[in-house]
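A.B. asks: Here it is, the structure, as structure tokens.
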Amino acid sequence: MHEPRKLYVKSFGCQMNVYDSHRMADTLAREGFVETQDPAEADLVILNTCHIREKAAEKVYSELGRLRKQKQEAGSDTMIAVAGCVAQAEGAEIMRRAAVVDVVVGPQSYHRLPELLAEAKAGKRVVDTEFPAEDKFDHLPAPTRAATRSRGPAAFVTVQEGCDKFCTFCVVPYTRGAEVSRPVTKILDEAARLLDQGVREITLIGQNVNAFHGEGPDGKVWSLARLMERLAEMKGLARLRYTTSHPRDMGEDLIAAHRDLPQLMPYLHLPVQSGSDRILAAMNRKHGRDLFLSLIEKMRDARPDLALSSDFIVGFPGETDRDFEDTLDLVREVGFASAYSFKYSSRPGTPAAEHDAQVAEEVKTERLAELQKLLEASKAAFDAACRGRTFDILLEKPGRQPGQLIGRSPYLQSVVVNDPPAGIGELLTVTITDVGPNSLAGVPAETPLSPALSRPLAAMEA
Ligand code: 5AD
Ligand code: SF4
């Protein structure tokens, strides 16, 4: 018998890439590949790349440099493939800059990987960055029970891809293309299979997830809220999340879903980017500060324990001190539980890159430091307020000490529990006793909050 061939996949960037990496691994499992965590022993390395900011895109070239050296030193014939958004945006450039690359494959062509690898094996260097007519999801196999188990009880399901919003700073509409929603039946089938394999929490993902408008089994267009209502009826599903949303697409039915669906976690990632109306307009965000703030008020009315996270960009072209103050002010007003913040990075081909009022690097650095200080304080205040609260956590993995397990709170905080009376893949009601910078600690509560949801369908642990 042949030794199985080994596959090492490294994901950069967003959750969509994590999901896609799993789908690629599932496709290649059929071809006899098993996953390894060690690139040195891999027969095939896939870098699943991110193009959102220059820094993210440059990472792929330094990683390729490392791989080239490693291949040379070991005299190995490891194949190297570059996937994801850098592949889509600069496929030819990758081939030119990095002779070590055998295959470049864009996000819409992952189902073609086996053929592309066969061509590469025959000595060709292949680039496939088409947007093919066929639906890749029809050709990407589902994960095996063992693969799902190794990925844990919280899983992602892609429901839509691409974006039609064209924020002036963003490459996504170009790398991921126009917005396309998957048909509802296919999403439900994928979810049912994951639940049957022991998954308890599903995060619906898409670049603009709340713009979802998939074809329903009744032939009508279903919204994200309608899809989630249906998912919430599925046996075994304890928790639902969705990301990433655009403020413009937070429909009334989606807000109502936060009130009506107990499985829908009270945590929403809603990027705002800036607190200045002038900058939001220049970004083509299609919403102002007031719309964002009034949305949050409505969401909190619907679900009083709702917490928010967001994304921010500092130093967008033309951003003045006054604009930046507006952003700080918005952060103070909302009180985010968590947030990501970035310096504006000029991306080739986007309208903002052409702007002549680019902000100086030192100014961006200062503003980012100030914003992050405020966001960290906001997060620390939210975490501190969790002390003494009782909520369910989903146990996901072992902790550092023997007997410890780590679970996720409704707000995605890591919660460490000693000797829990439950296993991985189960919900446990805990009361938070300690709050650290990176995780919380909890003890099992006397009375479970949602006993009906805590019974797993299938054990996650072998
Ligand atoms: N520069 C900096 N940050 C960016 N983002 C998207 N494009 C850029 C860019 N050109 C950020 C936004 C987005 C997140 C995923 O990345 O905040 O919400
Ligand atoms: Fe990019 Fe804007 Fe679309 Fe988000 S909504 S993916 S920031 S263009």
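These residue numbers are counts, starting from 1, taken along the chain as shown.
Placed from the backbone N, Cα and C atoms, the Cβ positions cover glycine too.
The shown structure was predicted, so the numbers you read here are calculated from the model rather than taken from an experiment.
Checked TrEMBL, it gives:
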DOMAIN    5-122  domain 'MTTase N-terminal'
BINDING   CYS14, CYS50, CYS85  [4Fe-4S] cluster 1 binding site
DOMAIN    149-383  domain 'Radical SAM core'
BINDING   CYS163, CYS167, CYS170  [4Fe-4S] cluster 2 binding site
DOMAIN    384-446  domain 'TRAM'
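Describe the structural context of these features.
C.D. replies: Mean predicted confidence for the domain 'MTTase N-terminal' (5-122): the pLDDT average there is 94.
In the three-state DSSP scheme, CYS50 ([4Fe-4S] cluster 1 binding site) is classed as coil.
Here CYS170 ([4Fe-4S] cluster 2 binding site) comes close to ILE52, CYS163, ARG347, THR350: these same-chain residues lie at least six apart in sequence, with C-beta atoms under 8 angstroms from its C-beta.
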A.B. asks: Among all protein chains shown, how many Cβ atoms are found within 10 Å of the Cβ of CYS50 ([4Fe-4S] cluster 1 binding site), not counting that one?
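C.D. replies: Its Cβ has 21 other Cβ atoms within 10 Å.
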A.B. asks: Going by DSSP, is CYS167 ([4Fe-4S] cluster 2 binding site) part of a helix, a strand, or coil?
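C.D. replies: CYS167 ([4Fe-4S] cluster 2 binding site) sits in coil per DSSP, no helix or strand.
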A.B. asks: Which three-state DSSP class does CYS85 ([4Fe-4S] cluster 1 binding site) fall into?
C.D. replies: helix
A.B. asks: Tell me which binding-site residues (CYS50, CYS85, CYS163, CYS167, CYS170) have a Cβ under 6 A from ligand 1; sequence order is fine.
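C.D. replies: List returned for ligand 1: CYS170.
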A.B. asks: Are there any residues at least 6 positions away along the chain from CYS85 ([4Fe-4S] cluster 1 binding site) with a Cβ closer than 8 Å to its Cβ? List them or say none.
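C.D. replies: Within the chain, CYS85 ([4Fe-4S] cluster 1 binding site) has Cβ neighbours under 8 Å at GLY13, THR49, CYS50, HIS51, ILE52, PRO107, VAL171, VAL172, THR175, ARG176.
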A.B. asks: With respect to ligand 2, which members of the binding-site residues CYS14, CYS50, CYS85, CYS167 satisfy a Cβ distance under 6 angstroms to one of its atoms?
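C.D. replies: So the answer is CYS167.
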A.B. asks: In the domain 'MTTase N-terminal' (5-122), how many residues does DSSP put in helix, strand and coil?
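C.D. replies: Taking the domain 'MTTase N-terminal' (5-122) as a whole: 68 helix, 24 strand, 26 coil.
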